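J.: The structure is given below, and queries will be raised subsequently.
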Amino acid sequence: MNQRIPQETIEEIRRSVDILDVIGEYVQLKKQGRNYIGLCPFHGENTPSFSVSPDKQLYHCFGCGAGGNAFTFLEQIEGFTFVEAVETLAKRANVVLPERVSPSVKQNRDEELLISIQEFAAKFFHHVLMLTEEGKAGRTYLERRGFTKEQIEHFQIGFAPPHWDALTNVLAKRDVDLKKAGESGLLVERESDGKRYDRFRNRVIFPIRNGKGKIVAFGGRTLGDDKPKYLNSPESPIFQKGKLLYGFYQARPAIRKENEAVLFEGYVDVIAAWKAGVTNGVATLGTSLTEEQARMIRRNAETVIICNDGDAAGAEATFRSADLLQQEGCHVKVAMIPDGLDPDDYIQKYGAERFKKDVIGESLTLMKFKMKYFRMGRNLQNEGERILYIEEIIKEIAKLSKAVERDHYLRQLAEEFSLSLDALKQEQYRIYREMKRQNQVSQGKTNTVRQKKHDFEQKRLLPAYQNAERILLAHMMRNVSVAETVQERLGGRFNVDHYQAIVAHLFAYYAEGFEPDPCTFIQRLEDQELIRVATELAMLEINEEINDQELNDYIEKIEMYPKWLELQQIESALKKETDPVLYATRKQELINMKKQLKL
């Protein structure tokens, strides 16, 4: 696939890693028969359609069609090039790549350099906080906020001195490229004279890590009333804030173990909650939750508890985040903090145990939260506002998938406002039908994933020749003698274009002396669509053995299909023929062909 990396090296890496371990870092997998299943990380779904085969070292999603091996998975989920995926797995497997291909590309070298600068800066900030007189202001602030040494060390918290050039001078003395330090967001270039100065000054520093645990950015919290209160690194080649969550790298083991994540608004909340024993907390990076962040959470947990500030802005953010998380298939709960406090303030005021027990432990269902949310700023003594509130709640109830839940909340509504339960049910059903109609319209335009699912279901109803080609190819990838028989009798005369291309590659693969191995074969394909189709075929559940009769039947079905097409063409032409002589000639052709086909 890539001429710069020897094929034997790629094979050594592939044999040295287990696809279950690689994918297991992104997807919660459960054993089902010989394979493992989970929710697809490439599209939102509620029912698992993503399958991983440890025997074949392949994965395939029966919903969106994504598939391949460990290299392909990293290419798709991380946006890696093939060489980057090889390098990542080589490090994991402790396989040394030839010097000429590692690092692979200039972009990769640049990103590694930027990360190394960030890692150095993090050590500098942490050193200043813990061991210098200049860090005393930061230490005092953190002590006042109740931060322990354990918290500071675990999250590698630091402090940026108040000087304009503290970090700049240290980097220069270490011969660090200051232009690269600027690209990483640590330094700012002054327009007047082009000189660089520190972006972070007189701030407590919170390192931000990517999914691999590498520091790629920082958040800085002012000690006083300076604006902005929180300052983040700008986006850079190694940092896109909509794709990362603060604390995710440290929290992921707990998230996966508990199958639950707690979503906070800020770094300090995550750190304070960690001290309180809530070790599965993450936070957005100063922006609203994004689809990619929601997907990242869903890949690792089914349940999400949203724990935002207890004010109106926090409730608004909770409502928006809940919608995104639900779309990704999360079960959402909401932790309500009283008195308008944020999580850190609550913990300082009432203690860690009470926070864990009374706030996180008593989380509301999302519907219960919405009933509180829609009351905000409303005077329910006013008839008009009361009716508007009831209508909004009925709309939310109509979205619930379980009849028991719908009935439960409708009864609550009926009792609270002395309304007829039957009337509420009728209104809820009317709204449900309208929503369903609107969804059907929008699905026809935008829901490509469901269309792909439908396409997959249709494969069960494929014509006999197409099923024959699929099953033969699945056997050919696993059995060289079957491939040899097919090559001798059929050659490459498959009727489906993709299958025809895969057959040609497969014959070439065996001609080079390779042993039957679907994963190795797929690794040598370059076309993404062929990789997808070949993976799907390799994942088919078939009997490992195929007898001569079955093999003959499949080959005959494939051979006969062009003749069936010709038969249909003759029948179609016969219906339109007006010349008696030509009609008789075509009729005889039809009779002869049917005899040949034994009809």
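Glycine residues also receive a Cβ, built from the backbone N, Cα and C atoms like all the rest.
The Mg(2+) 1 binding site annotation in Swiss-Prot covers Glu265, Asp309 and rests on sequence analysis. Sequence annotations record features per position, and here Swiss-Prot assigns Mg(2+) 2 binding site to Asp309, Asp311. Residues or ranges marked as domain 'Toprim' by Swiss-Prot on the basis of sequence analysis: 259-342. The zinc finger annotation in Swiss-Prot covers 40-64.
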J.: Within 10 angstroms of the C-beta of Glu265 (Mg(2+) 1 binding site), what count of other C-beta atoms is obtained when all protein chains are considered?
T.: 21
J.: Can you grab the distance from Asp311 (Mg(2+) 2 binding site) over to Glu265 (Mg(2+) 1 binding site)? Cα atoms, rounded to a whole Å.
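T.: For Asp311 (Mg(2+) 2 binding site) versus Glu265 (Mg(2+) 1 binding site), the Cα atoms are 12 Å apart.
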J.: Sequence gap of 6 or more, Cβ distance under 8 Å: name the residues on the same chain that satisfy this around Asp309 (Mg(2+) 1 binding site), in order along the sequence.
T.: Glu265, Ile337, Gly340, Leu341, Asp342, Pro343
J.: Including all protein chains displayed, how many Cβ atoms other than that of Asp311 (Mg(2+) 2 binding site) lie within 10 Å of its Cβ?
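T.: Step by step: centre on the Cβ of Asp311 (Mg(2+) 2 binding site), count other Cβ atoms within 10 Å, giving 14.
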J.: Using DSSP, would you call Asp311 (Mg(2+) 2 binding site) helix, strand or coil?
T.: coil
J.: Could you give the number of helix, strand and coil residues in the domain 'Toprim' (259-342) as assigned by DSSP?
T.: 36 helix, 16 strand, 32 coil
J.: Under DSSP, the zinc finger (40-64) has how many residues in helix, strand and coil?
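T.: Taking each residue of the zinc finger (40-64) in turn, the totals are 0 helix, 8 strand, 17 coil.
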